[in-house]
Amino acid sequence: MGRVKDFKLLGKKGPGRKARKQGDPTIPAALREDKKIDKVKKKLGGRIRQRTKKRLLNLAVAASTRVTKTKSKSKKDSAGETTSESEHEEGRDDDEMEVIPQPSVSDDEDDSIGEEADDFCSDDEELVELPIEKKSRKRDKKLKKEKEESKKEFTQQMAGHEVFELPDIESISNEPQDLPTVSQRLREVLHVLANFKDLREPGRKRKEYVTLLEHDLKVYYGYNEYLIDKIIQLIPHSELLEFLDACETPRPVTIRTNTLKTRRRDLAGALISRGVNLDPIGDWSKVGLVIYDSQVPIGATPEYLSGKYMMQGASSLLPVMALAPQVNERILDMCAAPGGKATYIAALMKNTGLLVCNDYKKERCKSLIANIYRMGVQNTIVCNYDGRKFTKVMSGFDRILLDAPCSGTGVIAKDQSVKTSKSEVAIERCSHMQKELILEAIDALNASSSTGGYLVYSTCSVLVEENEGVIDYALSRRNVKVVDTGLNFGVSGFTRFREKRFHPSLSLTKRFYPHTHNMDGFFVAKLKKFPQKSTIVGSKQQPAEEEEKEEDEET
């Protein structure tokens, strides 16, 4: 027995005994065609349907006219007649006339006509708006109204500013000072100074507004007259209040990972597990972390006590990054206490070479030594000498970091006494000491070093007298030049400030402000030393020995 080849002999196979036949699909009531038509009827108005009917009738008449014209033209060509189209139509029999019946549009076809209304309706027809279109129109109307109101309010404010009357300073000084009133007057004066030509009071000079501004800033922020005058000269008027407000606000707490003992990722994980909310300080640093909130004291965690990190301001990382120390180099930190920058240098050197940490004050050396031990630094010598005479002790360094003592005008948030304690005499004293230190640091450099010969000068001050003025003085006294710091952010230093003109290369220096970079006010400059020459054409440079003799004679 085999398979039957004649398939016709095979019986028909149907569904099995337990098979169930799928029934016809049931269409929901909401999707039925009649429901759709009802919806379309509700959406379309009667005027639309009437115009659509009329348009279809006109199209049908035009089509019949075209057919009639075609037939009359063919007859005229065969007979050779030149009569007009109208005469042919009148002379034709009724049998020859082909009449196309005009379509009659019933009410039942209104729905199908309505579906084509979008294609035939003109732009001026009143269509039914959808809910979303109504909301959009109302929203546009509301925004337009708000814009008009804001414009009207701004015009009124500008009108008020234009009539700002400059008060008499003597009368203001005798009256009790109300801080909200002073704050409002400050903003009024700054607004006038921003557009002095159009907003000033007739007959008033710019100097009168600046004098009032100085008086109100002294009263509101508590600065002495000399310091507030320097800040007004340094900071643009548009950023003045922002800068002074930033000086009143403490900077974020930041820490630096000690790469000699751990990695930043591991340290962050350990601190997060202790309830510390932190983030990387930014793309510019690979070791910095910023602390937002902490449930434990940051300066007393086991990680801190074991030397895995150092509490250090963000701006303090910048000079070491600009110095870029290399392994097996001979480096000097001339003003090293309390050791934040020195331990960072040692970490970048990977505990190789020699790092000399000097500080003039013996009491500060205690904290320096403690941090060196805690951070696991092993390539360091700590000494206590006057930096202005350091070359009598040792010299020949590949790189030197000079974080010079300064007035501290960039860290007012940490020390509010700077507002009143720093006078003109104090600033001049700081500037003179900084000039002595930078000349001694340049003399201690090894100009023939294959890897170095670099000096990084930094201060936590924003005054020109302590920054660009000191660098320009060093350029005129020693055979050095300003080089790029390697920092990819910050504001370029001044090449001209009021009546002063500095060397063009000072544009390579970097300035940092609290209101712009959210860190302490700071200044960083990098110098490259070249072999010493007795005379240099076009400069005021003198040999180091002659310079020292002149200084001894002056003292």
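Cβ atoms are placed via backbone N, Cα and C, with glycine included.
TrEMBL entries are annotated by machine, without manual review.
Summarising the annotation, TrEMBL assigns active site, nucleophile to C460. Feature annotation from TrEMBL assigns S-adenosyl-L-methionine binding site to C335, A336, A337, P338, G339, G340, K341, D359, D386, D403. The feature compositional bias 'Basic residues' is assigned by TrEMBL to 10-20, 38-56. Annotation comment: TrEMBL describes 75-91, 143-154 as compositional bias 'Basic and acidic residues'. Per TrEMBL, compositional bias 'Acidic residues' is recorded for 106-128, 544-555. The compositional bias 'Polar residues' annotation in TrEMBL covers 533-542. Summarising the annotation, TrEMBL assigns domain 'SAM-dependent MTase RsmB/NOP-type' to 243-530. Residues or ranges marked as region 'Disordered' in TrEMBL: 1-156, 533-555.
Distribution of TrEMBL features across the structure.
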residue: C335; record: S-adenosyl-L-methionine binding site; contacts (Cβ under 8 Å, 6+ apart): N358, D359, Y360, G387, L402, D403, A404, P405, L437
residue: A337; record: S-adenosyl-L-methionine binding site; contacts (Cβ under 8 Å, 6+ apart): D359, K361, R364, C365, S367, L368
residue: G339; record: S-adenosyl-L-methionine binding site; contacts (Cβ under 8 Å, 6+ apart): C357, S367, L368, A370, N371, I372, M375
residue: K341; record: S-adenosyl-L-methionine binding site; contacts (Cβ under 8 Å, 6+ apart): S316, P319, V320, D333, L401, D403
residue: D386; record: S-adenosyl-L-methionine binding site; contacts (Cβ under 8 Å, 6+ apart): Y360
residue: C460; record: active site, nucleophile; contacts (Cβ under 8 Å, 6+ apart): S315, C406, G408, T409, G410, V411, D520, G521, F522
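Among residues of the same chain six or more beyond the compositional bias 'Basic and acidic residues' (143-154), none has a C-beta under 8 A of the stretch's C-beta atoms. On the 0 to 100 pLDDT scale, the model's mean across the domain 'SAM-dependent MTase RsmB/NOP-type' (243-530) is 94. Max Cα-Cα distance over the annotated S-adenosyl-L-methionine binders (C335, A336, A337, P338, G339, G340, K341, D359, D386, D403) is 20 Å. C460 (active site, nucleophile) falls within neither a helix nor a strand when secondary structure is assigned with DSSP, and so counts as coil. DSSP states for the compositional bias 'Basic and acidic residues' (143-154), grouped as helix (H, G, I), strand (E, B) and coil, give 12 helix, 0 strand, 0 coil. A coil conformation is recorded for D386 (S-adenosyl-L-methionine binding site) in the three-state DSSP classification, outside any helix or strand. Under DSSP, K341 (S-adenosyl-L-methionine binding site) is assigned to a helix (H, G or I) in the three-state scheme.
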